[in-house]
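**Q** Quick one: structure below, then a few questions.
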């Protein structure tokens, strides 16, 4: 059938919303695979962006088409469109518009929602408006209906919590409770490399993307490759990683460099410096002493603060009266707004000291505030000409330098800061030497979780976009059953990476340490629990929210501290509320938009 050239504009609009949905997916769901690693200080935010870009794309291309098939064919039966490719094109465009708009609003307001359930709900709402409620697959439908998808709303967090708790309790019993936990951490590390490598390989090989033809391989091939890869990584870690970490944290060799890892077992016989009395490892504490000291030493009584995002709003100078009303004889305590403004001022002051493009942009915004009058005043327009380039630079680089840990732990003196201090007080702190060993493992588990995110969540955006493309390109509604092209998976995984880089910090700051105390040993347990759950659901073609999986695993590991007080239940409740509200709101938006467009009066 011929291409639907009369609907080129609908295809163009649908493509834009598909890319927006993928961007929001990266900006909102980036916390699923990397917030724990950044919160645990195992990787920096910049390192997370690089590794996330790589593994999101690999996961999307290798496995992502399976959940994409569920989104595009499992909720609204293809036969319900009665062969009308134009209506099918419009329906999935409306679903993408509704879902991406809702997730974009939530991301802007730091509300962590499930992009998976947002799109599923929007598709269901569009289906009701298009073909009627009776045609929508509300039941199980062989694991592809709404019943199967929404079953994950309760199953996924519980299963992830169980997996995460089991893995961390294993680490706790094998390592943390020992008299010499450092040695136990070093010698047991190959096992966790084995688990992570096996899960990741299993997801790639076992019924992978149809276009790669991996599903046609015999079972003995799948088993042998999976176990062979996992065993190979385990063996390599035993030969190279264990000697390296042994020399670093047990022998306390401060002269060791990263390239010495290739010496392998020879490091066991490498003599340590005679003056090595302490292992040189990073400090993995959530709240660093130098950060607290900086806060106490910040005593500038008159501080100009840029309210709001520096890339979006002009600077609004005001004076913080930290001394209070001197005539009253009493020191006035700063308000909540002033405390938050002080925290933001400290962060912006550090950014203005940078020598790179962001430092220039922050200084430009700080030194060129808009004057009195409307924006169209000649003086303000000249100032705006200077500010616009700086605002663009800030929009691109602000998140890369955002202080994630300070935002997660809260500002001292505020209700949130006091709440997080109480949560952290109930979490045991383990030696940095032990946590350093698990920081390497956490990099692998984070990459596995990122791979799982790409495998599962890319189907959210590419499923409807694949339907839109096939309907527009062929004019045949039945063509939506064809496999998803690899190029579509690659394009949208790229948009996920852009969302991660530019705006992922706005969601990451309300995850991680905002829920419970994080450390590398805890973080790798959370990520492995969530990744294992997502990959199991993905292999059965069940779109599941990685937001829910990582949150469930985080809560499960937090409870392993021995008390429910080690979890910030207020934040968990807010996340749960956002998840539940997503279903009716996204569904209503999609249904109303489709109903209006489908029944719009027009000239005959």
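Glycine is treated like the rest: Cβ placed from N, Cα and C.
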**Q** According to TrEMBL, which stretch among 191-239, 240-288, 289-337 corresponds to the feature region 'Disordered'?
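**A** Residues 289-337 are the ones TrEMBL records as region 'Disordered'.
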**Q** According to TrEMBL, which listed range is transmembrane segment: 117-134, 351-368?
**A** 117-134
**Q** Ranges 86-105, 386-405: which does TrEMBL label transmembrane segment?
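**A** Checked against TrEMBL: transmembrane segment maps to 86-105.
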**Q** Looking at 146-171, 406-431, I want to know which stretch TrEMBL calls transmembrane segment.
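**A** Going through 146-171, 406-431 one by one, TrEMBL gives transmembrane segment for 146-171.
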**Q** So if I exclude everything within five residues of the ends of the transmembrane segment (146-171), which remaining residues of that chain have a CB under 8 angstroms from its CBs? That is, six or more out.
**A** 70, 74-75, 117, 120, 124, 136-140, 192, 195, 438, 521-522, 524-526, 528-530, 532-533, 536-537, 542-545, 548-557, 559-560, 579, 583
**Q** Sequence-remote contacts (6 or more beyond its ends) of the transmembrane segment (117-134), Cβ cut-off under 8 Å?
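**A** Residues 21, 71, 75-76, 80-81, 87, 91-92, 94-96, 98-99, 102-103, 146, 149-150, 153, 460-461, 463-464, 543, 545, 579, 582-595, 598.
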**Q** If we skip the immediate neighbours and take only residues 6+ beyond the ends of the transmembrane segment (86-105), which ones have a Cβ under 8 Å from one of its Cβ atoms?
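**A** Distal contacts: 4, 7, 10-11, 13-14, 17-18, 20-21, 24-25, 28, 72, 76, 113, 115, 118-119, 121-123, 125-127, 130, 460-461, 464-465, 467-468, 471-472, 477, 480, 582, 585-586, 589-590, 593-594, 597-598.
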**Q** For the transmembrane segment (7-24), what are the same-chain contacts with Cβ under 8 Å, counting residues 6+ beyond its ends?
**A** 86, 89-90, 92-93, 96-97, 99-100, 103-104, 107, 115, 119, 458, 460-462, 464-465, 468-469, 472, 491-493, 495-496, 498-499
